[in-house]
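Listed features, source TrEMBL:
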TRANSMEM  90-111  transmembrane segment
DOMAIN    92-492  domain 'SLC26A/SulP transporter'
TRANSMEM  165-186  transmembrane segment
TRANSMEM  244-263  transmembrane segment
TRANSMEM  284-306  transmembrane segment
TRANSMEM  360-377  transmembrane segment
TRANSMEM  433-453  transmembrane segment
TRANSMEM  459-477  transmembrane segment
TRANSMEM  489-520  transmembrane segment
DOMAIN    542-620  domain 'STAS'
Amino acid sequence: MCSLENEFSIHKSQQLNASIDAGQFSGSTEFILINDHRTNKYRHRQQQVIVNDKNENFCHNYVRKIFRKKILHKRLPILQWLPKYNRDDAIGDLIAGITVGLTVVSQGLAYSNVAGLPTQFGLYGSFMGCFVYVLLGTCKDSTVGSTAVASLLTYQVAKGVWEKAVLLTFLTGLIEIFMAIFRLGFLVDFVSGPVSAGFTSAVALIVCTSQVKNILGVQSEGSSFLQRWISMLKDIKSVRVNDAVLGICCVTILLGMRILGKLQIGPKVQDEQNWKQKCINKTLWFIGVTRNATLVITCTVITMYLELQGKHYFKLTGNVPEGLPSIALPPFSIASHPPNDTYSIPSEVGDENFLDMVESLGYGLIIVPVIAMLENISACKAFAKGKAIDATQELFAIGVANVANSLFQGYRANSGLARSAVNNASGVRTPLANLYIGLMVMLALVYLAKYFYYIPLSLLGAIIISAVIFQVQYNAIKPMWRSKRSDLLLSFLAFIACLVMPLEIGILVAIGVNLLFILYHSAKPKITLETMMQTLDGLKFLKITPDRCLIFPSAEFVRNLILKSGCQTSLPVVIDCTYIYGSDYTAAKVISSIVDDFKRRQHKIVFFNLKPSVAHIFEGLNTRLILCYDVDSLTYELKNPNSYHSNDHIVYEDNNSNNTMINTIPLNKK
């Protein structure tokens, strides 16, 4: 309880509570005592001296700041863990790298189909990012590669044109680097948890829908969830029975292997298990983790045998170029080429220059970095174990990784939560595991590319469906319903918008509605109305306490409340400004009109504990305020009703002396 309540007993006015709607709100009455209330003239002179001193040595201090050991370790995280690297770390990283590498190769082949690109592009974007993350990454569990979200956004923005997909990777990588330099990581805060849950669930369903065509062997066109299903239903007569049977069986097997990998024999505590139980549990876990690679190898061998026998039962991936891609700048123009039904390019692509390509990418240049940042930070937070996450460094690392990917014709790569979970479960020790993951992808491109021809497309579709179906966040519905039902409405809105509209438009709509909710709540602050009386002198006044900063959305609401309450009582009005930590020009105009209105009615209004920074904003409009910062000065003002009539002064209370004293500071004299 603050000193203001220690000196005055609180009597809540029944009349005010009955007549004023805001009287039902409650808030804290604690305040912070501020001791430094020097004049603006003195403060400005002192600040100018400090600024001049800083400007003289700016370059010298800036260079020293950049090359400090602390900064280098922060921006090159490898310098922190590499000197401490030991044999146990090397073994753990090697095992984790090989295990995750098998997953990355199979998922890279599959996710390229989601992006509407030839198969090899999924692997082109899965090795350079890993190498970069070894140097710049901060999370040992995070891996950089193709993800469902990145692949779907790439398809939505680039429309299956590989030149645009590579340019999108390059430009969004540069944007992320600039965002990191200017510390714009806070933008991810505008995507709330409910919106993220709805968006992620919609992406999971859209990705599953995009792969149904591979399992059934039907045509699927359109950029939204509904358009794809309508297209597939129209072509339902073209279902390939062999592909459908293989795809359904593969989904069932993958889900069964996933469950098998979570089984444990014997006690749940590992230390209490004997060596046989540990061996069985490790084997089951390894089967579950490598289920994608195991099924790909098995089905490829069977398909290869059938093809050599002249039995063409399944629709295959097709030729994949052998070897690593050549390093080159991303394409800044497009030469015309014909349509490609295999990769859902419905019409011929004409000649486009750089500006045409950027214009066609549109909102994707904004949406893709923000959603990528959200996905990357989510993966890091999932395994942070209470440690702080350097969002700026993660944003910089992913940005550089995608620029590097674009130089090798790779498309967009993010940190995937599923792969990071496998990495964590495999016993990863440092980010060096990404080195082995990248090497596994490179070896696959060099030595295994010719065998990728025999991979059935229905198998790749089954891998994606079994992976993303668990990203539908139905578990969040019940907690949101119990916690705050309006958040559940936001989640459903994001979910429906992303299904009905193109993905980038849907997420923009969801974020926009979320911001409207925030603005609405900021425009309706909670305000406490209380009548207070001093126990000794019997002084009474009306105390009004806003619970947040006074800015333009809430200014008119607060003005109406203060004027209404002031007209209904003859008591002095005291505004407890403890929680008004910020303001703006609109609010300053409102405060000025309130003060003028009270002055015309000869009605005293006092601002208690108004922070000097906020008072400076009000002072810019020559607003004449009475400011008090302790109970003694407030009592003095209440006992002297005529002290208000100073037309050219703002009143401050001096706390630097033991005796209460009122100083008047002319506003017009600088």
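Cβ coordinates are placed from backbone N, Cα and C, and glycine is handled just like the others.
Under 8 Å from some Cβ of the transmembrane segment (489-520) lie the Cβ atoms of residues 152-153, 156-157, 190-192, 194-199, 201-203, 205-206, 223-226, 362-364, 367-368, 371, 476-477, 480, 553, all in the same chain and six or more residues away from its ends. Remark: the transmembrane segment (244-263) makes no contact with the transmembrane segment (433-453), by the rule of 3 or more CB pairs under 8 A. If one looks beyond the transmembrane segment (90-111) by at least 6 residues along the same chain, the residues whose Cβ comes under 8 Å of a Cβ in the stretch are 119, 122-123, 125-126, 143, 145-148, 150-151, 286, 289-290, 292-293, 296, 317, 416, 419, 422-423, 426-430, 432-437, 439-441, 444, 452, 455, 460-461, 463-464, 467. Counting residues 6+ beyond its ends, the transmembrane segment (360-377) has Cβ neighbours under 8 Å at 142, 147, 149-150, 153-154, 156-159, 164, 167-168, 171-172, 175-176, 179, 185, 187-188, 191, 196, 199, 352, 389, 391, 394-395, 398-399, 412, 414-417, 504-505, 507-508 in the same chain. Under DSSP, the residues of the domain 'STAS' (542-620) split into helix, strand and coil as follows: 40 helix, 15 strand, 24 coil.
For the domain 'SLC26A/SulP transporter' (92-492), the model gives a mean pLDDT of 86.
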